[in-house]
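**Q** I have a structure here, written as structure tokens, and I will follow up with some questions on it.
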Amino acid sequence: MVHQLATAVAQGDGGWIDFNVPLLVDRFWSNTVDGLAYGSVYALVALGYTLVYGVLRLINFAHSEVFVVGAFAAYFTLEGLGFRPGPTPQLSTLSIVANLLLAGAVAMIASGLVAVVLERVAYRPLRRRNAPSLVFLITAIGASFVVQQLFFVTRGANPERAIRILRPRPLFEVFGAKVTNIQIIVLVAAVALWVVADGFVNRTRLGRGIRAVAQDPTTATLMGVNRERVIMLTFLVGGVLAGAAALFYLMQIPQGVVYNGGFLLGIKAFTAAVLGGVGNLRGALLGGLLLGVAENYGQSLLGGAWRDVVAFALLITILMFRPTGILGESLGRARV
Amino acid sequence: MALLELSDVTVHYGRIRALSSVSLSVAEGEVVTLIGANGAGKTTTMRAISGILPLSSGRILFDGRDISRLRADLRVVRGICQAPEGRGVFPGMTVRENLEMGCYTRKDRKNVAADFERVFALFPRLAERRDQAGGTLSGGEQQMVAIGRALMARPRLLLLDEPSMGLAPRFIQQIFHIITEINEQGTTVLLVEQNARQALSRAHRAHVLETGSIVRSGTGAELLADPSVKEAYLGVA
């Protein structure tokens, strides 16, 4: 990063943290716009962590791989449709929409199925035997590695070259910051998906089943709720949302998907879930968007190398003052 | 034929035997009560009937069919619904949503509105609080939710586990009055109570549980008059 602008030095001369306040001011609005668009990816993935935590009191650390499966699925779909890495082709709007929808649908189905299979293979047998919660953590990490290494072995260590079918084009400006077509699509679609997920959990019979299991599993069973089916449904919903997030991720990152691409993103999405209040659907959305924006501000203020540090420093700071996250844990207690 | 029949039901918590060879039956239209001290196995019996606890041996027949190994959620479909000990109100759901949970397994959605009316007629208080979160209700109101919710399942057999526990005296009277009313409307009731006097005076038949076994059985009136029951459970020397 070029420091042509005046910099404030934190620790006197030769300090190792430079606070580049002018750059932050300069890029404030573009950082905000970019952060919201990228943060909506975190938000959708965070929903998966939060839903599963709500019904099982378990952080599904294999969820990051569910996301990667979605990214590869979207990539292979576009490849299968005849698109190749390189210059973005000229396509009609209809063709772009159709192809994106198709890639998104395949990604959602693939992620949803993998999430359900992971639950069945890695968690259900343990639940049947009443294993302690630490064991679930280990199998989650194990399952995570298995999926990751499958992609490593078959696709190698280098990121795929990105396949693009939609050219980024500025649509309008917010306080001088350009907002692109891609950012609008991603933001609108992510919020729409969140609204659907929220409506599903809060207003449908199956959603009530999810909330019942989250709030009181034994009584839920006494009311005729099949807990195993609710757990499966929860993993499915979380997986489907992660698949959609994967497509939005591919539309925004400079390179293509890579075998371990879920690791950092998964941890950030988990951070977003905790930040907003794990087990809380609104918290996942808020946490995701907030994290996306905050790490952009941090990058401008402190330099690119500090991006991830800012994300986690924010998490630690908020948890020191509000251990339940900004909105608190609520799938289990109050109305979501 | 009995609606519910337990024969030689034995249940263990780990290695500890909580119920040994319990046999009892509930006929259609009856109120049957189980009384006993803390830890006698009353709640264990209820949980075994609902399928939350597995049987070590013995069997449970419902409507003539063996349900001993049937999944708990499917027993609700068959017509057994429980208002559990401690009420089990879903704290983050409104009163209305809690009641909705009672009809989770029901297929006849068109009759649900009428059942809401029935529950609200039994518990006018719940009608006033229908949009309030379950977690913010008083103990008595939560008990109304728990009973009303079980009724929403239109059960053939209603299991009530300690409906008077922790309630103010005026609520206790009201709850017992409503139990009789529910029974008169045609629902068979199996009632577990510590409040033995009230329970016995409203039950057709009753059993006394002591350390996991039934030690006495009879009509409610018979047990009310039984000297040993009087001494142990009715506080009469």
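Cβ coordinates are placed from backbone N, Cα and C, and glycine is handled just like the others.
According to TrEMBL, the feature transmembrane segment maps to A:36-59, A:66-84, A:96-118, A:130-151, A:182-201, A:230-250, A:305-321.
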**Q** Assess whether the transmembrane segment (A:130-151) lies in contact with the transmembrane segment (A:230-250), where contact requires at least three Cβ pairs under 8 Å among residues 6 or more apart in sequence.
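**A** As far as Cβ distances go (cut-off 8 Å, pairs 6 or more apart), the transmembrane segment (A:130-151) and the transmembrane segment (A:230-250) do not touch.
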**Q** Short question: most Cβ pairs under 8 Å with the transmembrane segment (A:182-201), which of A:36-59, A:66-84, A:96-118, A:230-250, A:305-321?
**A** A:36-59
**Q** Which of A:36-59, A:96-118, A:305-321 shares the most C-beta pairs under 8 angstroms with the transmembrane segment (A:66-84)?
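**A** Stretch with maximum Cβ contacts: A:96-118.
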